[in-house]
2 protein chains.
Amino acid sequence: MRHRSTVLAAALALACTGLQAQSTQAADQPDAAALRETANALFGPVPHRIEQVRGQQVTAAQVELGKSLWFEPRLSRSHVISCNTCHNVATGGADNVPTSIGHGWQKGPRNSPTVLNAVLNIAQFWDGRAEDLKEQAKGPVQASVEMNNTPERVEATLRSIPAYVEAFRKAFPGEREPVTFENMARALEAFETTLVTPDSRFDQFLAGKDSLDATELRGLSLFIDKGCASCHSGPNVGGQAYFPFGVVARPGADVLPAGDKGRFAVTQTASDEYVFRAAPLRNVELTAPYFHSGQVWDLHQAVAIMGSSQLGHELDAAEVEAIARFLKTLTGRQPQVTTPLLPPSTSTTPRPE
Amino acid sequence: MRHRSTVLAAALALACTGLQAQSTQAADQPDAAALRETANALFGPVPHRIEQVRGQQVTAAQVELGKSLWFEPRLSRSHVISCNTCHNVATGGADNVPTSIGHGWQKGPRNSPTVLNAVLNIAQFWDGRAEDLKEQAKGPVQASVEMNNTPERVEATLRSIPAYVEAFRKAFPGEREPVTFENMARALEAFETTLVTPDSRFDQFLAGKDSLDATELRGLSLFIDKGCASCHSGPNVGGQAYFPFGVVARPGADVLPAGDKGRFAVTQTASDEYVFRAAPLRNVELTAPYFHSGQVWDLHQAVAIMGSSQLGHELDAAEVEAIARFLKTLTGRQPQVTTPLLPPSTSTTPRPE
């Protein structure tokens, strides 16, 4: 559970502080200085670089190898699907369809989460079943509805290509057999640490600049005061803890399908039914459609649904608009990725199937 | 026909000149200077830049827009397939599977040709049915087994996204309605003019450097003397004219399926049965599997099949190896492409289907 209740309590306490700080201001004219202080306590900026994972330095050789693997369609059984297919760095780190299309045109069960800033999340997947990006990376490669591959076949593929053998040796020096499924995952994680989006207008605001207009400031204020920030907190404005979807009123089955009980599948605990990791909201304007079901295309509609289902507030149109405008200030500087040049297969490379 | 017979005659004449130039040398010790002169006459280097198409200057704004469209999955009905899916700039400009996988996981009828240096070809597609890259670009977007979209839907998609409207306006200034399917194709073509691969070791040799070793020189000599260069000529070492596959001996139905009569479908002329555009061989080491059927993975095997089916020569293992070694010197400097940042959809953007 990773101290879910502690995180929740802290977030709620901070949100209440926010409420108090705002209470002396007219609702439509938030005090920017007080709001900045509250926002810095609740969220914090996206870092410019992540240099370590699990206490270990990420090396340039690992990042470079990870970039090749990120775009490598031969990690899939078909040789057609790469990590970037569903987590496209050109489109907000996601695929912008309700649920991803995988091997054999099968549709996955949940909306593809963005890879951008994913390293900041408490855990990976909508239900947090992978504790970090290394573990996460092993999932889609093997999932039959995604890349439909096996660790053995991935290792055989990579070992058959001399340039990959050399790249793994450089990325994991001193290992007797560096070309492993585990190291594939480590390299992918290393590359993903570079996929952060700093310097959003919101982060400029946090740093003291007047980068938000009156509506955006009001949206931020509402986001805190109405309680959104109780769940969507931390530098990724979400991704920090788990909460039930439909805490006040359960949305329709189109948005919250009865067949997907979320984190219950991970913990087998009744209280985790329909519990999901709070969606990280950085770059949310780039990652429609929304929710784990991917059934809501409009950010305004998503905000309104959250208000009613999670907070019991029927937000009015002006409130929804202000919050949506604030959310669009969370779009940061997107990573500039030069596509790698992937080495050709050899006679021993397994063929696509 | 684009003067097919004239091109063929010229190529054969040049190949014969090559034969004469080589005839005074021992077969395994070609004279590099004479070979260079012959090779310059037969092939020529890949240019560093293509600045014009159809006599019109390609602009930076067109290239930039074209790059976005190249990686744009919303050109497909599913919002999952982009041009780059099947003509991947990370993997030699092709997809390295026998035939491409398209909408609904349908398999296309022919192997995906590389986009690299495609601008140098006499016409596009294996059967030359598109006279240039602009016309070619319209095909896969509409093909039901590929992107399965319509011009109307593409235009509606692009017009729904303000950043695209602005980019089309800059790329095609002065036009009343610049966001058209036709201009999509023009922009894609403009980007594709940048996907050339100059400075291969072969081109360095053509320019006077000693960049080929003895085996590679012998391979080049054999490539000319055995007659390969009769069809595979010009700067793209192919792509210049049409020839029957199986001119001497028809290969098996696995390699040359009876149901695909090639250029016959374009011209309805009996003599065009099983006629295809000679494959351009630049970067051929990156573009397996080979032939329009994509059924041959090994470059050596492809060379041997060409020898027997097209030239009536049973090339021995050393000859095949030397020719394959020469062909690998055709790998040029691959384009460095930074992935674009694609603008988000709006409420009026057609949804994926």
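Cβ coordinates come from backbone N, Cα and C, glycine included.
Site annotation for heme c 2 in TrEMBL covers B:C228, B:C231, B:H232, and the matching candidate from B:M184, B:M306 is B:M306.
Taken through DSSP, the domain 'Cytochrome c' (B:61-169) splits into 50 helix, 6 strand, 53 coil.
Taking CA atoms as the reference points, B:H232 (heme c 2 binding site) and B:C83 (heme c 1 binding site) are 26 Å apart. Confidence for the domain 'Cytochrome c' (B:61-169), expressed as mean pLDDT, is 97. Here B:M306 (heme c 2 binding site) is positioned 25 angstrom away from B:C86 (heme c 1 binding site), judged by their C-alpha atoms. Each of the binding-site residues B:C83, B:C86, B:C228, B:C231, B:M306 was ranked by the number of other C-beta atoms within 10 Å, and first place falls to B:C228. When each of the binding-site residues B:H103, B:H232 is scored by how many other Cβ atoms sit within 10 Å of its Cβ, B:H103 comes out lowest.
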